[in-house]
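Asker: Copied straight from Swiss-Prot:
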type	residues	note
SIGNAL	1-17	signal peptide
DISULFID	Cys51-Cys67	disulfide bond
DISULFID	Cys58-Cys97	disulfide bond
DISULFID	Cys60-Cys83	disulfide bond
DISULFID	Cys69-Cys81	disulfide bond
Amino acid sequence: MIKYVLISALLVVAVYSFTIEDNEDALLEEAEDELDTEEERRMALPPGAVCNGHKSDCQCFGAKYECSCPFLWRFRRSAKCHCKKGWAWTAVKKRSCHNRYQWSG
């Protein structure tokens, strides 16, 4: 009976330690995301500039501009994404951008 109690206690401690480790990783990821949004707030790329395809369209200046990437750009090293004029739906999506004050009147 005591063996079962000890084994159960060890399992609880092990699970708890993994949970704490996951929470620390999540906190680090949240901190990095906050830094990314601060960078987006500070600067917006002009039309035609090279942008990061992994980030949101908020990095491009203007309500209708989006980060447009070529077909299969992730598999080609030389392929780069650029800020290009998008559709009207792009302006609707970009209403939630943190740096929209830069291009909105």
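Heads up, residue numbers simply count up from 1 along the chain you see.
Positions of Cβ are set from backbone N, Cα and C atoms, glycine also.
Thinking about packing and proximity, how do these listed features fit into the structure?
Answerer: The Cβ of Cys51 (disulfide bond) lies under 8 Å from the Cβ of Leu45, Gln59, Cys60, Cys67, Cys81, His82, Cys83, each of which sits 6+ residues away along the same chain.
There are 21 other Cβ atoms within 10 Å of the Cβ belonging to Cys58 (disulfide bond).
In the three-state DSSP reading, Cys81 (disulfide bond) counts as strand.
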Asker: Can you check which residue among the disulfide-bonded residues Cys60, Cys67, Cys69, Cys81, Cys97 has the largest number of Cβ atoms within 10 Å of its own?
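Answerer: Comparing the disulfide-bonded residues Cys60, Cys67, Cys69, Cys81, Cys97, the most crowded Cβ belongs to Cys60.
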